[in-house]
Every structure is written in C-alpha cells, then in structure tokens.
Amino acid sequence: MPPTSGTSRSVALVTLGCARNDVDSEELAGRLADAGWTLVDDADGADVAVVNTCGFVEQAKKDSIDTVLAAADLKEAGRTKAVVAVGCMAERYGKDLAESLPEADAILGFDSYGDLSSHLEAILHGEKPQSHVPRDRRTLLPLAPAERQAARPVIAEPDLPEGLAPASGPRVVRRRLGSGPWAPVKIAAGCDRRCTFCAIPAFRGSFVSRPAEEVLAETRWLAEQGVKEVFLVSENTTSYGKDLGDLRALEALLPHVAAVEGIERVRVSYLQPAEVRPGLLDALTSTPGVVPYFDLSFQHSSPAVLRRMRRFGGTEPFLALLEQVRERHPQAGIRSNVIVGFPGETEADVDELCSFLERARLDVVGVFGYSDEDGTEAETLDGKLPDEVVAARVDRVTRLVEELVTQRAEERLGEVVEVLVESVVDEDGDPHVVGRAAHQGPDVDGETELDLPAGFVVHVGDLVTARVTGVAGADLLAEPLVRATV
C-alpha cells in the first residue's frame with residue numbers, strides 16, 4: 001500500500017553480498033516505488049535505510065552488522081528515522097539477530113518482501129514488527145522438483161494499464177539501482193544439493209526455476225534500460241529446468257536471451273561441475289551472443305576432501321572437464337573457488353589441490369579458509385584443523401594462485417578481445433577507460449583498461465575490439481583495433 005502520512009517517504013537500499021542480492025534489492029526497490037516511496041541513493045538522505053545483508057561467510061556477516069550499525073548511527077546525526085535489516089543474514093538468524101542487534105528497528109525475512117512498504121510505514125508510525133522466526137525453507141516446497149512450480153509463492157502485483165497485459169508478458173517488478181551496462185538476472189532460487197559446508201539451502205530453500213517467459217520479459221526490460229550484458233545468476237544454474245520438466249532448459253533458454261534486441265552479451269554464473277553436460281558445453285561455447293565463460297564451483301580437487309564435502313569429482317575428472325571446454329573454445333574464461341582447511345584435510349590433499357591448480361590454468365581463483373557455518377553438517381565433523389594451520393594453508397594456496405593467475409593472463413598477451421566499456425573518466429584531459437573482456441565476469445574477475453589512440457572516442461556501454469598488450473594480475477591492458485560499436 002502507498003504511504004499514508006500524506007507526504008512522500010524516502011528509502012535507501014544498501015546491498016551487500018552477491019549478484020543475487022543485487023536482484024533482490026532491485027525487486028524491493030520496484031515494489032517500494034510502486035507503493036509511492038521515493039528511492040534515494042544514500043542512507044543519510046532517507047527516512048528509512050533498508051540493509052540487504054549477506055550471511056554467506058563470517059566476514060560477510062561482520063560486514064553486514066557493521067553496515068547496519070553505521071546506518072543506525074545516522075538516526076542520531078541526520079534525517080534517517082529507521083533502519084531495517086533484510087536479506088540472507090536476517091532470514092537465517094531472525095529474532096536472534098534482533099536480540100543481538102537492537103540498533104535495527106526491524107529484522108525482516110524473505111516472506112516480508114511482498115508487503116515491505118506496509119512494514120516500513122508501520123515502523124515510521126512507531127510500531128515494532130515481530131522479528132522474523134527462521135525455519136528451514138526446504139520444507140516449504142514439495143520434495144519432488146516437478147511439483148514445485150505449482151506450489152511456488154506468487155505475489156500479486158498491482159494491475160497494469162488496460163491493454164498491456166497479458167500480451168506484453170509477465171510484469172517486471174524491478175527498479176534499477178545503478179546505471180552500468182550490465183545487470184544480473186535471477187533465473188532460479190534455492191539449491192537441492194547437500195554440501196556439508198553450506199547453509200544456503202536451509203535459508204534459500206529448495207531449487208525453483210523461473211519460467212522462461214519471466215526471464216525473457218526481465219531481459220527485455222533491462223535492454224530498454226540500456227543494459228548491454230545480462231548475467232544469469234542462481235544458486236546452481238546447471239539445475240535450471242529440473243522442475244520445469246526439461247533438464248536441457250538452460251540450453252534452450254540461452255539463444256532466446258541472446259536474441260533480445262539491445263543485449264550484446266549473455267553470461268552464465270555458478271555451474272556445478274557434476275551437472276555440466278556436453279550439450280551445455282556446446283551451448284556456452286557456440287551460441288551467438290553467449291560468452292564462453294565458465295564459473296565452475298570446484299571447491300577442492302582431492303577426492304577424499306570432496307567426499308567429506310558431499311561433492312563429486314577430483315583432479316582428473318575436473319581436468320577432463322576443462323579439456324572439454326578448451327577443445328570447444330580455447331580462449332574460454334574459467335574461474336572457480338576453493339575451500340582450504342576443511343575438516344580432515346591433510347597436507348597431501350593440499351598438495352593435490354596445488355597440483356590441480358597448476359595444471360588447470362584458471363583465469364581467476366577465489367581462496368577461502370574453512371570456518372564452521374551454523375547448522376551445517378561440516379560443523380559436526382571431526383578432524384577440525386587449528387586456525388593457524390588453516391591460515392597457513394590459505395596463505396600457501398593464495399600465493400600460488402596469484403602467480404598462476406598472472407601466468408594465465410600473460411598467456412592472453414596478443415589475444416584479441418571484445419571489451420564492454422564500463423567506465424570513462426577524464427583525467428587531466430585524457431580519458432581513462434575501463435571495461436571487461438568476455439572472460440572477465442563482473443566485480444571479481446579483473447578488468448581491462450583500454451589504451452586509446454588520439455581521437456578514439458568511446459562511451460559506457462560500447463563494445464570495443466582490442467588486442468591485449470599488458471597484464472597486472474588478472475587485469476589486462478589492451479589497445480583498440482577498430483572503432484567502437486554502440
């Protein structure tokens with residue numbers, strides 16, 4: 001419902017965590033704007049600051065708490081009247097978080113998203129909403145994937161003007177909070193895997209795909225907003241379609257997304273190695289408009305460690321998968337994350353991981369030290385390693401990864417790349433132009449700086465063909481070969 005105070009209320013959404021959280025924030029922004037709220041960029045200029053928290057790892061939780069506390073300080077110093085925590089940490093800890101974080105005026109879970117406006121309005125009128133009570137969200141949908149589409153929650157939205165529905169397709173309830181040339185599109189939510197270290201399925205729920213028409217409608221809307229690259233995200237993208245009756249639904253979806261007018265690049269995130277199939281490899285390396293980018297979640301390469309993680313694979317199967325990727329597209333971008341110091345991990349396991357990384361030639365590797373996550377199976381495992389051992393192993397693998405990432409970047413010297421321009425800043429009369437090549441995902445995979453010749457003009461959103469001339473870690477320096485395309 002719209003604000004009832006007679007004057008416009010303002011709200012700022014502060015987002016932490018992954019691209020999936022970015023989508024959630026923009027969907028919340030769309031609902032709040034529909035309800036009459038004014039969206040502002042900075043919390044210190046808003047009546048209400050909504051902090052979309054991340055609960056992935058310990059550092060992310062600390063960052064979320066610090067952000068809530070910083071927003072709460074604004075209540076004493078500025079116009080901000082209320083601070084509300086939402087997102088994964090709020091969903092996961094609920095009332096316990098509320099008790100330990102009284103500075104927040106409310107802790108609201110995912111079920112509050114559909115009527116967030118009413119909750120915020122009530123808070124501004126002095127009411128105290130009941131704090132979210134966590135529950136295992138895997139219990140909210142049928143066990144059988146095929147039965148989930150009929151049971152998935154659908155929030156009723158305000159009617160569209162006559163004539164716009166249903167021919168126009170599903171309504172997009174989203175408001176962009178940034179103006180960059182790329183945007184994430186959530187194609188599914190939840191996860192059915194049972195990795196022992198991961199709490200995400202418990203608070204994100206069972207895996208549910210979004211129907212293709214919803215994904216395409218949102219992609220078309222983003223293209224109308226000037227977006228050139230869409231980043232398809234979920235907790236496990238390779239499972240897309242399992243609840244739609246088609247395990248090859250992702251392969252079928254990709255060409256339709258890439259065909260949306262105005263979209264120049266389609267990127268797919270978070271591929272589960274055990275679920276990657278030949279047809280998907282073909283689609284990701286040969287579909288026009290889809291970049292050959294593989295975000296493969298290896299986590300480790302020692303079969304013994306992977307078994308304790310309840311994951312599949314090992315050094316040789318993973319290397320075979322990488323060979324299949326490069327047989328199809330030698331320049332494909334490949335990134336991964338690994339967990340070091342998992343319970344029961346031996347020095348021999350770390351040696352095997354390091355050997356795998358040396359042979360894998362990955363563009364980017366994120367290295368995480370294991371720490372217990374509340375409520376996970378790994379929390380109960382024996383063989384826990386001392387903190388100093390975990391830290392030493394993280395340091396060892398991180399130093400190796402830094403060398404290997406630089407080596408992989410150096411292999412790209414002389415390579416011709418397509419760079420999506422994301423930033424053009426004038427520095428004393430000379431443009432400083434930064435973007436991403438096809439093998440570089442947003443935010444975490446490095447960037448490419450363009451060394452422009454005199455008179456070469458580019459704008460944000462342009463695709464520039466360039467040749468790689470230098471490297472700095474995962475970052476590249478490249479010189480344009482042809483005029484930019486708009």
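Every residue gets a Cβ built from N, Cα and C, even glycine.
Worth saying up front: this structure is predicted, and the values here are computed from it rather than measured.
Feature annotation from Swiss-Prot assigns domain 'MTTase N-terminal' to 9-125.
Swiss-Prot lists C18, C54, C88 with the feature [4Fe-4S] cluster 1 binding site. All protein chains shown were included, and the count of other CB atoms within 10 Å of the CB of C18 ([4Fe-4S] cluster 1 binding site) stands at 20.
Confidence across the domain 'Radical SAM core' (177-408), taken as the mean pLDDT and rounded to a whole number, stands at 96. Annotated domain 'Radical SAM core' per Swiss-Prot: 177-408, in sequence order.
A sphere of 10 angstroms centred on the C-beta of C198 ([4Fe-4S] cluster 2 binding site) encloses 22 other C-beta atoms. Taken from Swiss-Prot, the feature [4Fe-4S] cluster 2 binding site covers C191, C195, C198, and the record attributes it to sequence analysis.
What Swiss-Prot lists as domain 'TRAM' is 410-482, and the listing cites sequence analysis.
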In three-state DSSP terms, the structure that C195 ([4Fe-4S] cluster 2 binding site) belongs to: coil
Residue, out of the binding-site residues C54, C88, C191, C195, whose Cβ gathers the largest set of other Cβ atoms within 10 Å: C88
Residue distribution over DSSP helix, strand and coil in the domain 'MTTase N-terminal' (9-125): 67 helix, 22 strand, 28 coil
Within the domain 'TRAM' (410-482), residues counted as helix, strand or coil by DSSP: 2 helix, 38 strand, 33 coil
